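J.: Features from Swiss-Prot:
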- Asp465: active site, proton acceptor (ACT_SITE)
- Tyr495: phosphotyrosine (MOD_RES)
- 1-25: signal peptide (SIGNAL)
- 249-607: topological domain 'Cytoplasmic' (TOPO_DOM)
Amino acid sequence: MRGAARLGRPGRSCLPGARGLRAPPPPPLLLLLALLPLLPAPGAAAAPAPRPPELQSASAGPSVSLYLSEDEVRRLIGLDAELYYVRNDLISHYALSFSLLVPSETNFLHFTWHAKSKVEYKLGFQVDNVLAMDMPQVNISVQGEVPRTLSVFRVELSCTGKVDSEVMILMQLNLTVNSSKNFTVLNFKRRKMCYKKLEEVKTSALDKNTSRTIYDPVHAAPTTSTRVFYISVGVCCAVIFLVAIILAVLHLHSMKRIELDDSISASSSSQGLSQPSTQTTQYLRADTPNNATPITSYPTLRIEKNDLRSVTLLEAKGKVKDIAISRERITLKDVLQEGTFGRIFHGILIDEKDPNKEKQAFVKTVKDQASEIQVTMMLTESCKLRGLHHRNLLPITHVCIEEGEKPMVILPYMNWGNLKLFLRQCKLVEANNPQAISQQDLVHMAIQIACGMSYLARREVIHKDLAARNCVIDDTLQVKITDNALSRDLFPMDYHCLGDNENRPVRWMALESLVNNEFSSASDVWAFGVTLWELMTLGQTPYVDIDPFEMAAYLKDGYRIAQPINCPDELFAVMACCWALDPEERPKFQQLVQCLTEFHAALGAYV
C-alpha cells in the first residue's frame, strides 16, 4: 500500500522485554512509555532497531540472561510479563533505566539468571539513606560465578523503621567473561518508601516478688494517651460528619443551578501564530498501540443505527422544557459558522432578573429550510453534556423553543471559538508574528481535553464524537469540550455515510465502533488519540488519503496515521497507545492526564 510504513508485528507490548501483557499497569503511564523503543520517522519504513550492546567477550558469547520472572513482575507492578535486563548477552538499557518502585510492604526482590559458559560476577549495593533502610542483603555470595542452570537469587530490602523517607537503592552487578579484563556493569535502580514504626506501649510490669503481673485490658484504667486517642477520634468523626453535610448541601445546590456564570472576557485579540511545515499524509502500521492496559474493563454501549431519528420533535422539546427561556432575552449578532441548514451566532443573553446585565453566548440554530429531523437532532445532541459541571466541559444553559420560532440552543461564549478553526488559523498565520503557539501550549490543550473526558468517563458518559471540531477555546487557551450538535452540517468533510444512511466521523472512530457500532470510554480514548494528532498537526484531517469505505480494513491490518513532523516520540507514543485494536489495552483517561502532565512539566523544564 502506498504511503504506508510498518512498525513490525501488530499486537506486541510497548514494554521492552515483556511478553503477553494482559493485566493493568498500576505505575504511571509515562514510566511505561519511557521504555518504548524509538519509533521510525514519518513516511519511512521502520529500519531495523539498533542491536543492543552485547556482553564483552573475546570468544563465543556466554549466553547470559538475567530477568524478573512473570510472577515477580506481577507481584511488583501488576503485569503478566517477564522483564528482561539481559537476554542471551543482549542488554536492555530501556529496562535498566527504569527506576522501579518497590511496594512498601515488599521486603524481597527475586532475580532469575543463568549462563551457558563461565561468567564471573561481583555484586554491590548503594543506599542513599542508611537511617531509613539497612544495607541490602543477598542469599548468594557477593562474588562468584553465574550459575550454569536457571537459578533465582534474592535481595532483601528491609527498612529500619526509624524515619519516614523514600530510599533510592542502586544494585551494581559486574559481569566478567572468561576472566578477561573486559567487564560489563549493570546498574539496577529501585525506590522504596520506608515508614517510621509506632512505639508499642509497655503494659507489663514486675511486682515486688519479681513475679509478672497480668495486664487486664478490660478492667485496667485508661491511660492518658488512650483518652487522648479516643477524644481525637471523636473530634475527627464530628469534623468529617460536618464536612459531609456541607458537601451534600453544596452538591444539591450546584445540581439545582441551571444558569452557569460566564466570566469570560468580551474582548478578543488576534494572537500571532507561527506557520508549521507542510507535510504529506503518511501512515504507519504500528505495534505500539497494544500497550498500557486499563485498571478495569470499559462499559460498552451498543448504539442502534439512526436511534436519534426515533425521537420526535415534540419529545425533544419536552426534554429541554425546564431550561427554556423567552426569545426576547436573546440578541443575535455575527454569524460565526454556517452550514447547509445550521448556523452558530455570537449572541447576547439578557439576565432574567436584571435586564441591564448581559452575557455573551454561543447560539446554535437552524435555517428555515431545515427539516424536522434536523431540528430534532440538534436539540437531542445538544443535551449530551447537559447537567454536567466541569471546567473543561461546555454544556448548554438555555434553549428557545417558542412556537413559530426556530429552536435555539444557548451555550456560554468562548471568544476564540471552534478549536479546529483556531488550529487551522494558526497554520495560515505567517511566522513573523511576535507570538506563536508553542508545543507546550498544544500539550496543555490536550491535558484539558483529557481532564474533561476523564470526568465524563467517571460519570459513565460516552461522548462518541470527540474531535477538535467539537471543542472551543478562549484567549487564555482554555479548552472546553462541547456536544456535536450541527457538527455534521458545519464540518461535512469529517463525516461519511457508509451505505447505512448515517453520517459518522469515520476517521475518528475505533474499529469496534466502525464494525459493530459499539461505543465505550475506550472508543472515546481512540478518538482522543486522533484529537491529539489534530493538535500536533494544527488541524489537519487524519487519514485524508484513505477511502472511508476502506477504513475498517485499514485499521484491522494494523495501519495508523503517521507521526506528525516535529512531534516528540514520547507524545506520538501516547497517541499510539490510544489506537490499540483491543479496547481493554487502551489507557484510561486518568492515565493519559497523568502522562501528559508529566510530559508538559518536562517540556517546561527546557523553556
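Quick reminder: no glycine exception, Cβ is built from N, Cα and C everywhere.
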J.: For the topological domain 'Cytoplasmic' (249-607), would you mind checking the mean pLDDT of the predicted model?
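T.: A mean pLDDT of 83 is what the predicted model shows over the topological domain 'Cytoplasmic' (249-607).
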J.: Are there any residues in the same chain, six or more apart in sequence, whose C-beta is under 8 angstroms from the C-beta of Tyr495 (phosphotyrosine), and if so which?
T.: Ser487, Arg488, Asn503, Arg504, Pro505, Val506
J.: Counting every protein chain present, what is the number of Cβ atoms, excluding its own, within 10 Å of the Cβ of Asp465 (active site, proton acceptor)?
T.: 23
J.: On the three-state reduction of DSSP, what should I expect for Asp465 (active site, proton acceptor)?
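T.: Looking at the DSSP assignment, Asp465 (active site, proton acceptor) belongs to neither helix nor strand, so coil.
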